[in-house]
Each structure stands twice: as C-alpha cells, then as structure tokens.
Amino acid sequence: MQSLISFAHSRLSWGILALSALALESAALYFQHIMKLDPCVMCIYQRVAVFGLLGAGLFGFMAPANRVIRALGALLWGISAAWGLKLALELVDMQNNPNPFSTCSFLPEFPSWLQLHEWLPSVFMPTGMCTDIPWEFAGVTMGEWMIVAFSVYLLAWLAFIVPMLKKSA
C-alpha cells in the first residue's frame, strides 16, 4: 500500500494521466482534421471531458506533494471520467438504437460564459451526426472505445482515490 501511496503522490502518476489524455485529444484531432471524420455534439462533450482529465493531470503534476492540490485534481479526474463515461454510453445507445424523434443537437449547449465552440471552432464545433458511425477498429466503434477509455480512467481513479488523499509519509 505504501508504494501505491508513493506513486499517487508522484509527478509520474499525474504526468501519465495528463499524457494519456493528451494522446486521446491528439487522436481526436487527427481523426477530425486528417482523416476528415466529423465529430458530433456528443463527441465534442466527450472531448471536453478528456480536457478535464488533462487538466486534472496537469493540476496534480504541479504540486503532487500538496494534499489539497491532489484532492482538487482527484475531484476533477473523477468528475471528468464519470461524465465522459456517461456521455460515451449515451452516444453508443443513440448509435445502436437510432430514433428519428430523439436526435442530438447541432450546436453544443455550453454555458454562456464558456462558449468553447465559438472561441475555438476547429476543436469544439460539431459538424457530424450522433447516429453516424464513421470509424471502427477491431469491430468496435469509436464511441465504444471511449466507453473503454473512460472506464479505465474511472477504475484507475477508484484505485488511486484513497492513496491520493493519504498524507505524505
């Protein structure tokens, strides 16, 4: 348990969180801009959740020895992973059970003080439809891969939450 506590209090653990989220964001932008796969509004919301994971990793990386910083990073990590998983599950449900009367919106519904799609449209403007499945790998859709990714983040958070919040030795 002590080695898990030491790892949870290290820059390495928070760096892995940040770098893995950065890799996911990079892949999303590659799919969008290089492969020309249009992201839907649910994809954009998941992208925001991944940015939350990136932010949590960077936040914890700044001062991993500080218990308050770790707690705030852990809070952002848990919220982002759970919210992302919820969104990925909803997207896969929309894709597997399309309903012409229940579609996703064309524009994201960000708060008025956080209009990401207007500030950075190349990253946050949805241009695709939620029911489209433009890409699969090993017979698994992108939405299903995101369920896997967010589940891993959530399971890692569950494994690390107690060691993260323990006092440093």
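Cβ atoms here come from the backbone N, Cα and C positions, even for glycine.
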Ser6 vs Leu37, membrane side identical per Swiss-Prot: no
Candidate in Cys43, Cys130 joined to Cys104 through a disulfide, as Swiss-Prot lists it: Cys130
For Cys130 (disulfide bond), nearby residues of its own chain (Cβ under 8 Å, 6 or more apart in sequence): Cys40, Val41, Met42, Cys43, Leu91, Met94, Gln95, Thr103, Cys104
PLDDT averaged over every residue in the topological domain 'Cytoplasmic' (65-71): 88
Outside the topological domain 'Periplasmic' (31-48), six or more residues from its ends: residues with CB under 8 Å to it: 25, 84, 87-88, 90-91, 94, 104-108, 116-117, 122-130, 132, 134-135, 142-143, 146, 150
